[in-house]
Amino acid sequence: MGNNVVVLGTQWGDEGKGKIVDLLTERAKYVVRYQGGHNAGHTLVINGEKTVLHLIPSGILRENVTSIIGNGVVLSPAALMKEMKELEDRGIPVRERLLLSEACPLILDYHVALDNACEKARGAKAIGTTGRGIGPAYEDKVARRGLRVGDLFDKETFAEKLKEVMEYHNFQLVNYYKAEAVDYQKVLDDTMAVADILTSMVVDVSDLLDQARQRGDFVMFEGAQGTLLDIDHGTYPYVTSSNTTAGGVATGSGLGPRYVDYVLGILKAYSTRVGAGPFPTELFDETGEFLCKQGNEYGATTGRRRRTGWLDTVAVRRAVQLNSLSGFCLTKLDVLDGLKEVKLCVAYRMPDGREVTTTPLAADDWKGVEPIYETMPGWSESTFGVKDRSGLPQAALNYIKRIEELTGVPIDIISTGPDRTETMILRDPFDA
């Protein structure tokens, strides 16, 4: 039995993690975010009602679940307050269900200003960040000048630390980026206005999780973004600023790494990517447009159109290695309905003619990579909302089986629609 289950993306994000976390939390006592910030966009559809969460864990809609934001998350007080209000206006008692680590770094206005100024300065080489201050906040954390939730317990000392760090960053904004300085007093006043709310939710997350483990409670760890955006293992520099792989669970929450029981990789039935960076199977033809339209591939956070392409099992195998995946959840299978043929990338042809079955590391090494495809028959029947494996067309079953063969990982869950009911759980991670 797996008490501590990790749910993470195996591609470039947007795989459909939020729905699956929400579905599986029916049995969980805690749901923990361990990396990223409000650059995530996790969409839940319950009884036709849509909820998009950016910072708060996807378990917040369940009254029997405690949601936790771990130390690996960079926390924007403004974004958290906005999200809390939206949920509370719908009658969800967020403050009764949400806890925070005091070690969460804070994202403040100057981080957002730095993010946008830096992207503007990069010009054509822009990373394609969400412009929410995520990277600069992680940068401050690593440079050991960042302010954390725990600093809010001592308001006088917080004000002094804030003044010092803002002098540093405003000098950078004005003199290097030729941008406007950020107003110190406004940042201080805005942060102090919500300080007591934030500190009232603080808990020792590592200790809480260890006690939960000893009791045998079920805990779900909710990843954001995707494996191929990992700061260390992704398509650097076109990556996010945190560890999106399973290793981030231990560092971002304080759970001992040996206590992770099951790692569920969310796998979209085709590939998408937002922003710049390598994407060997990207389609620029009518099939690419079909996938975008049928899959409604527009970012929940930015509204940007996602780039679309065939499923890349070479890249997915890298995710299998990095995360020691226990099983997959295949999402958006129904988007492929109606295609005469479907393709799987099974290898890459490098510029020198070599065929390889592992991904390069740095983004520059992906240049000139050509996908080698295996073509399979498509299916005309609808898979939307199918709740039993026997109801799937044979061609869809063949596609599923081939993915399992190419990756060496079983598909334990199949999602056939956005609602939590439109799901087949072939093997429950908490029972694995």
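Glycine residues also receive a Cβ, built from the backbone N, Cα and C atoms like all the rest.
Since this is a predicted model, take the numbers as computed values, not measurements.
Annotation source Swiss-Prot lists active site, proton acceptor at Asp14, citing sequence analysis. With a 10 A radius on its CB, Asp14 (active site, proton acceptor) counts 28 other CB atoms from all the protein chains.
Per Swiss-Prot, the feature active site, proton donor maps to His42.
According to DSSP, Asp14 (active site, proton acceptor) sits in a coil region rather than a helix or strand. Under the heading GTP binding site, Swiss-Prot lists 13-19, 41-43, Arg306, 332-334, 415-417, citing sequence analysis as support.
If you look up Swiss-Prot, you'll see Asp14, Gly41 marked as Mg(2+) binding site.
The annotation IMP binding site is assigned in Swiss-Prot to Asp14, Glu15, Gly16, Lys17, Asn39, Ala40, Gly41, His42, Thr130, Arg144, Gln225, Thr240, Arg304.
Look at Swiss-Prot and you will find Ala300, Thr301, Thr302, Gly303, Arg304, Arg305, Arg306 tagged as substrate binding site. Contacts of Arg305 (substrate binding site) defined by a Cβ separation under 8 A and a same-chain sequence distance of 6+ are given as Cys292, Glu297, Tyr298, in order along the sequence.
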For Leu333 (GTP binding site), the three-state class that DSSP assigns: helix
Cβ neighbours of Thr416 (GTP binding site) where a neighbour is any other Cβ within 10 Å: 24
Whole-number Å value for how far Thr130 (IMP binding site) lies from Gly16 (GTP binding site) (Cα to Cα): 18
Cβ packing number for Arg304 (IMP binding site), 10 Å threshold: 13
Cα-proximity to Gly13 (GTP binding site), 10 Å cut-off, over binding-site residues Asn39, Gln225, Gly303: Gln225
Candidates Lys19, Arg304, Arg306, Leu333 (binding-site residues) - the one closest to His42 (active site, proton donor) by CA: Lys19
C-alpha spacing of Gly41 (Mg(2+) binding site) relative to Lys19 (GTP binding site), in angstrom: 11
